[in-house]
Amino acid sequence: MRTVRAPQTAALAALLALAATHVAVSPFTKVEESFNAQAMHDVQLLLQKRDMDVLASFDHHEFPGVVPRTFVGAITVAAASWPLRTALETAAPLIEDVRALAHAAGHDPDTSAPVPLRDGILSLYAMRGTLAILVWLAFVRLSVALTRRFGNACGTWFAVVCCCQFHLVFYLGRPLPNTFAMALSAYALARWLESSWEECVGILAFCTVVFRCDTIILTAWVCLMILARRETNIFALVVDGIASGTSSLFLTFAVDSFMWDRPVWPEGSVLFFNTVLNKSHEWGVLPPHWYFTNALPKALMAALPLSILGILQPLDRFAKSVPDLLAAPATGSGLETSRKVLESMVDLDVMSLLWFPAVGYVATYSLLPHKEVRFLFQVFPYFNALAALGLARLQWAASSAMAQKKESAAQSFSLRRVLARLGLVGAVVALLASAGVATAHLAVSAHNYPGADALMYVQNHHEKYRSSTPAKVHYCVYAAMSGITRFVEHGPRSLSYSKREDEAFEASLCASKEFDYLIMEPSRVTNDEACKAHFEIIYTAQGKPKMIWREARIATEPALYVLQRKQ
């Protein structure tokens, strides 16, 4: 059995370090992550106070969202986060000094709100860091499985490829249902590579029932390949899937019915909403080819073309098979010759394990009109595994050709050596380019949360000038969607918050004397005379960042105004 070696360990450690960097640089969450972020906060509060009356104040009772979501992931992360939370509390003074220096280096202290390490922000770091570690462990497990199946080079390259991607590392610690699904998909693939199809199907069934119902597409393709590979029969497959699915349904129904205070199967509701009611198109539609021509190239970057190498036979095996194909008798059947040619060019074992499930999932999902990159998270491990295998085979081809001792052998393998070396160099350059683009995207993402920036400015301003005076803050929908959660609301005890959304309330907001601070979009402030009459702008939160590649800079624009009632 192959064991993990130092380069692979270093690459996996780098992946965890990058995930931690993303959490530190861009800790806040957006609207897609809001349910799990709020749920983690509320569950942590429940675990700390150990008072069931806290359930009545959970955010989802007031803001349930379009469809219910499961609490299983939030409870798991919140329960597992206490070691990291304790460590962060211990290191808080040092972290505060480092973040203050980083903030001073990147912002004008006269116009920019500092980023305090309040109790809520510490908890947010702990939650997201814990989630990143849990997902990372699933990728470690897959890297080890690739090592055992294909060799150390494949496991190492898998970790390297993951490090060079923005989307994967960025979302590694983000509380999306898709992130949980990506981790379970990676772990399920690891078990399948280790010849445990039962666990693979069981994990995918659990993921389908609890976190993402669309995982049923991947499950179907994996089951089809398991049957095609004759690893089991359809009866055993169905029994395993039903047993796993039923137990998973019992878990999510019990937990979520209790948390939602009504009988509910969250992913069943999502499935009904998207299929029977067909409401997903209300969030936008895209052409069928979009996943292949736009989403995958942007998300996988260099790994996408490299994944094609993974399904090709090693160069030495292909070179050795060419003379046999040329010497085949002319009387042989065309079908048999075609089969031999195909087997000499592509690795059918790898195609059935990795390529067909991944491409089949994307192709099937392309039939649905509403599309988002995050819907493909479950197959990122498959494409990265293919890319890693392709890189490993390039490395093996180059090293084996160099090891030839006989002159005749060296001459016959010279072309393969040149091709392998050129291919490996080109692949490394492509990965470095991907890493550079990923770094730029990370820098852009740090400016993408004006809501959190604006609210923290209010907290600091009030604490500095009016700390003993009770005050109310209202923030608009866009602010709530761009970084504000209950974690961020932890501030001076004299502040209270509102995020009501009804039109009648919004219409009379500026004329009302209820609020001392408002966080609003510039267009609303500009067009509302009552706002101008009763409030003054004290801070502008920049957002909506864009990378200006020619100038190597990030451009932002005013995204939110912080208004204070005139004295």
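Placed from the backbone N, Cα and C atoms, the Cβ positions cover glycine too.
Those TrEMBL annotations? Automatic predictions, nothing curated.
The signal peptide annotation in TrEMBL covers 1-24. Long-range Cβ contacts of the signal peptide (1-24) within its own chain (Cβ-Cβ under 8 Å, at least 6 residues beyond either end) map to 125, 128-129, 132-133, 135-136, 139-140, 143-144, 147-148, 151-152, 155-156, 159-160, 162-163, 169-170, 172-173, 442, 445.
Feature annotation from TrEMBL assigns transmembrane segment to 122-142 (among others). Outside the transmembrane segment (122-142) by six or more residues, the chain places 12, 15-16, 19-20, 22-24, 27-28, 37, 40-41, 44, 76-78, 80-82, 84-85, 88-89, 92, 158-159, 162, 172-175, 179-180, 182-184, 186-187, 189-190, 193, 381, 385, 485, 487-488, 490 with a CB less than 8 A from a CB of the stretch.
According to TrEMBL, the feature transmembrane segment maps to 154-173 (among others). Cβ atoms under 8 Å from those of the transmembrane segment (154-173) belong to residues 4-5, 7-8, 11-12, 14-15, 18-19, 22-23, 26, 128-129, 131-132, 135-136, 139, 142-147, 179, 182, 298-303, 306, 373-374, 377, 380, 384-385, 387-389, 391-392, 395, 431-432, 434-435, 437-438, 441-442, 445 of the same chain, restricted to positions at least 6 beyond its ends.
The transmembrane segment feature in TrEMBL is assigned to 201-227 (among others).
According to TrEMBL, the transmembrane segment annotation covers 234-255 (among others).
Here the transmembrane segment (290-312) has long-range neighbours at 161, 164-168, 318, 345-347, 350-351, 354-355, 362, 365-366, 371-373, 376, 380, 383-391, 393-394, 423, 427, 430-431, 433-434, 437-438, meaning same-chain residues at least 6 beyond its ends whose C-beta is under 8 angstroms from one of its own. Taken from TrEMBL, the feature transmembrane segment covers 290-312 (among others).
What TrEMBL lists as transmembrane segment is 348-368 (among others).
Per TrEMBL, transmembrane segment is recorded for 380-398 (among others).
Within the chain, the transmembrane segment (419-444) has long-range Cβ neighbours (under 8 A, six or more residues past its boundaries) at 21-22, 25-26, 160-161, 163-166, 169-170, 301-303, 305-306, 309, 315, 390-391, 394-395, 397-398, 401, 545-547, 554. Feature annotation from TrEMBL assigns transmembrane segment to 419-444 (among others).
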Intrachain residues whose Cβ lies under 8 Å of the transmembrane segment (348-368), provided they are six or more past its termini: 189, 192-193, 214, 217-218, 221-222, 224-225, 228-229, 274, 280, 288-292, 296, 307, 310-311, 342, 375-376, 378-379, 382-383, 385-386, 389
